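J.: Okay, here's the structure, questions in a sec.
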Amino acid sequence: MNSEVRKVQPRRLGLKTLWIMAAVGLVLFVVLQILPTSPEEAKQVELAAKIITKQEAAEAAAEFAGSALGLQVQSDTGLVVYDTDSNLYGYLTRDSLLEPYLNEYEAQFPYDKFQVRFDLVAEAYETLAVDVHMTSGKVVGFELLSSLFSMMPAEEDVADWEGVKAQVTPMLEAVGYSADQQWVVQEIPGGFLLSDPQQQIGEAYPEIEVFLDQHIVTGIHKGFALPDSFTNYVKKQQTLANWMTYLGYALLTFVLGILAIVYSALTKAHTSFKRGIVLASVYFVLSMGSALNMLPYFEKEGMTGELLAFALVFQGVITLVLAASVYFSLVGGDGLWRQQGTILWSRSRETGYGRHVLRSVSEGYAWALIIMGVQSALFFLLEKTIHTWSTTDASQSTYNMLYPALLPALAWVAGIGEEAVYRLFGIPMLKKMFKSTIAASIITTLIWAFGHTLYPIYPVISRPIELLFIGLIFSYIFLRHGFITAVFAHVIFDSLLMSISIIFMGGTLNIVSGLFFIVLPLLVAYLIYLFNPSGKERPPVLKKKEEEPLFTTPHLGGHL
């Protein structure tokens with residue numbers, strides 16, 4: 001039996017109810033995430049307000065190179081990147097030691113610092129890397145490198161400590177420490193390790209690595225020796241995260257991508273291969289733009305010249321494959337839903353399309369605030385139950401971007417790609433296998449959640465737990481309100497978080513950019529509305545194949 005595809009009228013929440021819930025979510029977010037609730041958080045906020053500029057860091061590094069090392073470099077030629085001791089910060093956070101550390105040790109042993117790299121011309125070494133304190137602007141370490149890949153000096157015999165102490169002492173003083181302190185001296189490959197186990201914080205204690213080459217001090221690194229129990233725990237957790245990422249996420253997402261290609265062909269009578277071109281293209285362009293925006297981090301990791309070019313080409317190929325997966329998920333997902341007689345992604349100029357896009361963006365802002373509140377509450381509960389903690393990550397830092405102000409553009413990549421693959425296509429595909437919308441939503445949400453386990457949040461199971469709830473909310477939004485609302489909610493949610501982070505960095509450009517990206521979804525929705533006036537609408541007329549209904553309960557469809 002053939003019939004017209006119809007829009008299912010769902011039991012959707014009214015805008016008034018949504019915005020009341022959104023107000024509650026915003027309050028939870030501000031109270032639990034923004035306002036400092038402990039002395040260490042207040043201290044971190046105080047320090048963040050004193051962060052120097054990259055230009056100031058470069059000037060401090062250039063002055064140090066000339067005065068302490070006799071190397072003449074220009075500050076404007078230095079590459080300034082953010083570096084962090086992720087393990088140290090994580091240990092302090094986990095064991096609630098951050099406040100005493102900030103008060104007693106942070107000035108001399110910062111876990112966060114700017115690293116300024118200078119290419120040396122006609123010198124014995126190729127590169128000079130200088131570590132600069134992010135708030136005081138003082139140099140806290142340095143290293144002369146024969147290449148960007150030789151982060152550690154080659155192993156060689158060095159003289160005894162007393163024989164080189166005269167050369168080491170002025171260099172230690174130049175980075176803010178005294179060689180006269182009662183250090184425990186241990187010989188290591190290429191130099192010495194100075195430690196002071198008497199100055200413990202928890203089970204950690206300060207140590208300084210000093211590297212030499214022919215009695216010339218080539219590097220000084222400050223840090224803290226951490227207990228083996230902690231470092232071993234982190235390694236095991238990272239191994240578990242890799243398994244979840246590559247098996248639970250990457251492999252199963254690849255399978256979904258193959259199935260999307262298959263069902264795009266099988267449901268071609270119910271959809272159009274033109275539908276996903278624009279969104280997949282936006283996904284590809286913004287993904288590559290975000291990769292190019294991380295050039296400072298790539299250079300920090302030693303990627304220059306041909307190696308950098310190869311890495312970007314490789315990234316381009318991977319991104320193209322992912323964009324293709326998003327495209328076929330859009331086509332195949334739309335086809336699967338329309339095959340069942342349900343429209344969850346309206347076409348341009350279908351009845352009520354322009355008005356619905358405006359309603360969708362309004363609902364999207366409300367749902368984004370609700371999710372921000374839910375996420376804040378989940379993190380709070382996880383901290384109190386399984387003792388979740390997080391640490392720093394240089395690869396995610398806005399300080400390692402060419403243009404931090406463009407960070408929120410990445411929100412559109414996540415919103416489009418993840419809602420297409422794991423909601424629009426993933427839910428009906430898995431519903432075919434498991435005969436349950438709830439089961440399909442849970443499974444596809446877990447696949448999506450496993451892709452977030454490489455973030456430095458421990459125990460690594462924390463993110464799958466958190467994102468199981470968040471993903472089910474996105475699934476609810478998708479099933480009740482449709483694909484466009486789900487995309488807007490996801491994009492706005494990520495845009496708000498990313499925009500807040502760059503606004504807190506300070507600077508006119510960052511603040512203006514953050515505000516722009518917060519309102520951008522509204523501007524996009526209004527533009528779509530202008531190009532889809534009521535007079536040009538047409539009703540959807542597609543043929544429905546007679547087969548088992550997709551839903552096991554009534555009114556679980558979406559309405560666009």
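Quick reminder: no glycine exception, Cβ is built from N, Cα and C everywhere.
Here TrEMBL flags 13-35, 243-265, 277-295, 307-330, 364-382, 402-425, 437-455, 486-505, 511-531 as transmembrane segment. Look at TrEMBL and you will find 405-495 tagged as domain 'CAAX prenyl protease 2/Lysostaphin resistance protein A-like'.
Buried or exposed, and what's around them? Tell me for each listed feature.
T.: For the transmembrane segment (13-35), the residues of the chain that approach it from at least six positions outside its boundaries are 359, 362-363, 365-377, 379-380, 480, judged by C-beta separation under 8 angstroms.
Using a Cβ-Cβ cut-off under 8 Å and counting only residues 6 or more beyond its ends in the same chain, the transmembrane segment (277-295) has close neighbours at 308, 312, 315-316, 319-320, 322-324, 326-327, 330, 395, 400-403, 406-407, 409-410, 412-413, 416-417, 420.
Long-range Cβ contacts of the transmembrane segment (307-330) within its own chain (Cβ-Cβ under 8 Å, at least 6 residues beyond either end) map to 253, 256-257, 260-261, 264, 275-277, 279-281, 283-284, 287-288, 291-292, 295, 298-299, 345, 416-417, 420-421, 424-426.
Cβ atoms under 8 Å from those of the transmembrane segment (364-382) belong to residues 15, 18-19, 21-29, 31-33, 388, 462, 465-466, 469-470, 473-474, 477, 485, 487-489, 491-493, 496-497, 521-522 of the same chain, restricted to positions at least 6 beyond its ends.
Residues 240-242, 244-245, 248-250, 252-253, 256, 390, 393, 396, 418, 421-423, 426-431, 463-464, 466-468, 471-472, 474-475, 479, 550-553, 556 of the same chain sit 6 or more residues outside the transmembrane segment (437-455) yet have a Cβ under 8 Å from a Cβ within it.
Panel annotation: around the transmembrane segment (511-531), residues 348, 354-355, 357-358, 360-361, 364-365, 405-406, 408-409, 411, 488, 491-492, 495-496, 498-500, 502-503 of the same chain, lying at least six beyond its termini, place a Cβ under 8 Å from a Cβ of the stretch.
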J.: Per DSSP, what is the residue count of the domain 'CAAX prenyl protease 2/Lysostaphin resistance protein A-like' (405-495) in each of helix, strand and coil?
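T.: Across the domain 'CAAX prenyl protease 2/Lysostaphin resistance protein A-like' (405-495), the residues distribute as 77 helix, 2 strand, 12 coil.
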J.: Give me the mean pLDDT over the domain 'CAAX prenyl protease 2/Lysostaphin resistance protein A-like' (405-495), rounded to a whole number.
T.: 97
